[in-house]
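Asker: The structure is given below, and queries will be raised subsequently.
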């Protein structure tokens with residue numbers, strides 16, 4: 001971490017010798033301390049990249065040409081992580097849901113370790129990322145119909161600088177309630193209601209249908225015998241016309257009647273008859289009976 005104070009310790013296993021310690025960064029001499037039995041501590045503050053090292057320590061015995069060097073040591077900058085961002089993608093199935101959790105901290109020295117939590121309980125192992133990309137964790141669970149809350153933690157090698165994301169909540173699926181088995185409990189009841197309603201409707205509608213059908217059958221406009229009646233009326237008119245012609249009378253016009261077939265109106269036309277006296281004519285003889293027929297003129 002930039003601007004942090006660090007300590008370098010130089011020591012020797014021989015506690016009886018008077019030793020002088022020299023601290024170097026690369027080839028540059030920084031400090032010198034004399035010591036005997038206790039280790040020498042060099043305190044430094046590192047703010048720039050060139051101050052990262054390498055450092056080494058030289059130990060020289062007083063009044064002696066014996067000189068020893070330590071191994072080189074380098075510091076590295078570790079930037080703290082910032083508050084990570086948690087993204088959640090939910091795939092709802094019929095009875096369960098698939099949850100994809102992604103957590104990423106956009107600043108901080110690598111590697112960064114991520115851990116996922118449901119409320120305050122860790123649900124994933126630590127996931128270490130050596131490149132700046134989101135850590136991903138998948139969760140599959142049954143639809144409980146209850147609200148769920150997730151968050152994640154990001155940390156690196158810098159101790160006591162972990163950061164937690166803001167909690168993200170998942171609401172129950174649309175149309176869901178707190179009872180995951182309510183639909184299963186309601187289905188038998190709905191089926192029972194349908195079983196009761198269908199026969200009731202059938203018994204209620206069927207009599208009405210039969211009554212309407214009977215009314216249609218009894219209606220005066222029954223066209224089953226219309227053609228026969230038309231033929232009878234037509235024959236009567238033709239016969240009457242023939243008889244009148246035979247007696248020297250002008251044939252009368254017959255009233256148009258309903259015609260059986262397409263393109264014709266199927267209704268019987270009625271007329272008001274007017275009776276008047278006519279001169280008596282010779283009665284037609286009746287072979288089987290003595291009573292004769294008396295004719296009168298009928299005008300339509």
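Each Cβ is built from the backbone N, Cα and C atoms, and glycine gets one as well.
So TrEMBL says this about it:
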DOMAIN    92-161  domain 'IL-40-like Ig'
TRANSMEM  185-206  transmembrane segment
Asker: Over the domain 'IL-40-like Ig' (92-161), work out the mean pLDDT and round it to an integer.
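Answerer: Result for the domain 'IL-40-like Ig' (92-161): average pLDDT 90.
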Asker: What are the DSSP helix/strand/coil residue counts across the domain 'IL-40-like Ig' (92-161)?
Answerer: 0 helix, 38 strand, 32 coil
